[in-house]
Amino acid sequence: MIIRIPWLLLLATVFIMTISGNPLFLQQSGRNIKPVIRWRPPMDTWNWTETPRNDEPFFIPSNFTHKLPPSANETELIAHMAALKRNYSRLLWDSDKSSNLPLFVDKALKLLNLKQVYYEVEHSVMSKVSCTACKAGAGLLQHYMRLGKSKEEINKMIYQFCVSLNIQSARVCEGITRLFGSEVVYVLKRITIGPNEICSFVIGDACGDVYNPYHEWEVAFPPVPKPQAKALEPPIEKAPTFKVLQISDTHFDPYYAEGANAECNEPLCCRASNGPALTPGGGAGRWGDYRKCDTPKRTIDHMLKNIADTHTDIDYILWTGDLPPHDVWNQTKEENLKVLQETVAQMSDMFPGVPIFPALGNHESSPVNSFPPPYISSPESNIAWLYNELDAQWRRWLPAGVSHTVRRGAFYSVLVRPGFRIISLNMNYCNNKNWWLLLNSTDPATELQWLIYELQSAEFSGEKVHIIGHIPPGHSDCLKVWSRNYYAIVNRYEATITAQFFGHTHYDEFEVFYDPNDLGRATSIAYVGPSVSPYYDLNLGYRIYYVDGDHDATTRLVVDHETWIMNLKEANLFGYPIWYKLYSARSAYMMPSLRPQDWDAFIDDMTSKEDVFNLYHKHYWKNSPRRGTCDGECRKRLICDARSGRSHDRRALCVHIEARIDGAAPAPQTWRAWLYNGLSVS
C-alpha cells in the first residue's frame, strides 16, 4: 500500500506557506534568480535480448491431489452444513460497529476533523482541492529554487511551517523533511516542466490531462502478427491443479506494543513511542488493531503457522511485496533491509522446500516510493543497495540466471513448468509517487520492452504466463502512460498471459482488461490479493488459488480462489485468533468459471443487482465490522475499479456503468442519511 503522506506534507506545507503571504508565481525577475538546470538522463544502452533467459523448468510438483472448493452448483447442497458450523459470535460482531459513539456521530466527527487534502492524497481519491494544493506547493518550491535558496534553507522552511501549523507532530515533520526534502529538490532542479505538468503527472485526472511531450512514449512491438483471438474454454473439471498461496502487504512492525496509544496523531500508531493509551479502549490490541496500526510479529507468526498446518499441500507461493511498516518518516535503509532479511528467513523456515516467487513493493525502499531508474548512478541516490540485497535474499528461491535483471530493476522471468512461466514486474516504475520518474518516465529500466521480449519468446515456445507485481496497473497510483503501454502489451499477448496477481490496495478485489478496440470483450484478469496488515479498518487476510495444472489440455487459468481471514475484533476480545475461509469465488458469486468473460459478467451483475454488489463489498473489506455502508458514488467507484485494468481512463471504461447505476431509482433517505451526506459535501 502506498503511504502518500510524505509528498502531501511537503506540498501541503508549502501550499499553506503560499496562502500565508509567500510569493508563488514563477514569472519573477531579479538578479538573484538562478536558471533551471537543463538536464537529460543518459541513454540506456541495455540490450535485453542478450540477457540469459531461464528455459529450464524450475518447479517440480509435489503431486498433491487438491480438493477444489465447491462450485456454484454444489453450494445449495452444503448450505445447511455450513450454517451449522458458522460461528455465532461472528454474526454478532459483524453487525456491531465497535464504537463508543453512535456510528453517525463517530463518522461526522471524523469528517469534521480530517483535512480534506490529507484524506484525498492518502486514499488516492483526488479532487480539485488536492490539485490546487499540489500546484501551489510545486510552484513555490520551484520559485525558491530559482531564487537560489539552498536545499538546507528550503528543508528548514518546510519543517518550520509543518510544525507551527500543526500539520503533523514535530518528529514526523522532521523525518519527512530529512528523508524526502533533498530528493524533491534534486528532481525539481533538473526538470523544465511547471506545476501544471507536475501535478497532472503526480495526481492524475483530478489535475486535468495536461499534455507533456517528455512523458509521452510507446513501447515497440516486434513485427509478428497477433494470433487470432479464440474463444476461451473453461478448464476441464476435476483435472489436476496447483494450489497457490498469495501473501501480500504484511507490513511487519517490529515496534508494535500491546496497550500503546492506538489513537495517536501520526501516520502510524500502536508503538511504544506513542506512549500509553489516553482513553478507555484507546490501547493497541494484542493481535493488531483496526486503527492506523500495522501487524505485530506474534500475529504474522500465528498466520504463517496456521497456513502451514491448514494448507499442507501448497505447491508454490506468490509473495507480492510491502514488508516494512508505515512509519515512513522514521525509516532507514539499514532497518528496511533488516525487515527484508528477517521476513525472508521466516518464510523459508515456515515453508521449507516450497518455491516462493516474490515481487517488490513500494515500501521496501527508503524513502518510501523512491525507486530511481538505472541512469541515476550517484552513490547517495541510486537503488543498488536494495536491488543487490533482493538478489541475495531471493536467490534461495530463484535460479541464478535471473540475477542480472533483479540487480538491474528488481524484475525477473522463471520457467516454472514446461510450458508455464511466471514473470515478476517491478511496479514501482509505474508509481506516480516515485518522483524520480519526473526526470524521464520513458519505460524506466527498459522493463516493459524486456517484458515484450519475454512474452514474444513465450508465444514462440507455446508457453502460458502468469504476471505478478505489487501496484495493480489499473490503480490510480500507476502512471497513465505506463499503464496505457502495459494494457497494450496485455492485449497483444492475451493468448499467452492467463492470469495476473497484484496487491498494494489492502482490499480483496480484481481488475478486468478489455480489447481496446472492443471494450465489450474481456481479454485478461488481474487478481488483487488482500493484505495481511489491518491498516486500516480491515481484517487480516490471504488468498489461496487453484491453478489449472499439468495435463494435456491445461489452460493455466485460475480455476477458483478462496480468501481466508482473521476477525481481528474477535481475536482481541477472546485472546486467540481464528483463521477461516471467508468465501470461494465460484461458489459465492455463482460463476461457472473464472475466465475474463466470467468476471465481466459478474461486473454486469454487480451493476444491476444490489445484493450481488453488497456481497462483493463485504468481501472487498474482508468482512470488517468497520466497513460502513456504500452509497451510489461508492458503488460506482468500486465497480469501475473492477473494470479498470488501465489507470486514469474512467471516461472510456466506466461511463455506461455509472449511467446504469445513476438510472436506478434512489432508495428513500432518512434524516440521518440526509444530514450525514450534507456534512460529507461540506
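Our numbering is plain: 1 for the first residue shown, then up by one each step along the chain.
Any Cβ shown, glycine's included, is placed from N, Cα and C.
No curator has checked TrEMBL annotations; they are predicted automatically.
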Going by TrEMBL, tell me which one of Cys162, Cys173, Cys199 is disulfide-bonded to Cys134.
Cys199
Second cysteine of the disulfide that TrEMBL assigns to Cys654, among Cys634, Cys640:
Cys640
Specify the nearest of the recorded positions His251, Cys293, Cys634, Cys654 to His470 (Zn(2+) 2 binding site), where nearness means the distance between Cα atoms.
His251
Mean per-residue pLDDT computed across the domain 'Saposin B-type' (127-211):
84
Pairwise CA distance, His504 (Zn(2+) 2 binding site) versus Cys293 (disulfide bond), rounded so that it is a whole Å:
16
From the Cα of His506 (Zn(2+) 1 binding site) across to the Cα of Cys173 (disulfide bond), what is the distance in angstrom?
26
Around Cys264 (disulfide bond), which residues of its chain at least 6 apart sit with Cβ under 8 Å of its Cβ?
Asn274, Gly275, Lys292
How many other Cβ atoms are found within 10 Å of the Cβ atom of Cys654 (disulfide bond), counting all protein chains shown?
19
Take the C-alpha atoms of Asp249 (Zn(2+) 1 binding site) and Asn362 (Zn(2+) 2 binding site) and report the distance between them in angstrom, rounded.
10
Tally the residues of the domain 'Saposin B-type' (127-211) by DSSP class, grouping H, G and I as helix, E and B as strand, and everything else as coil.
65 helix, 0 strand, 20 coil
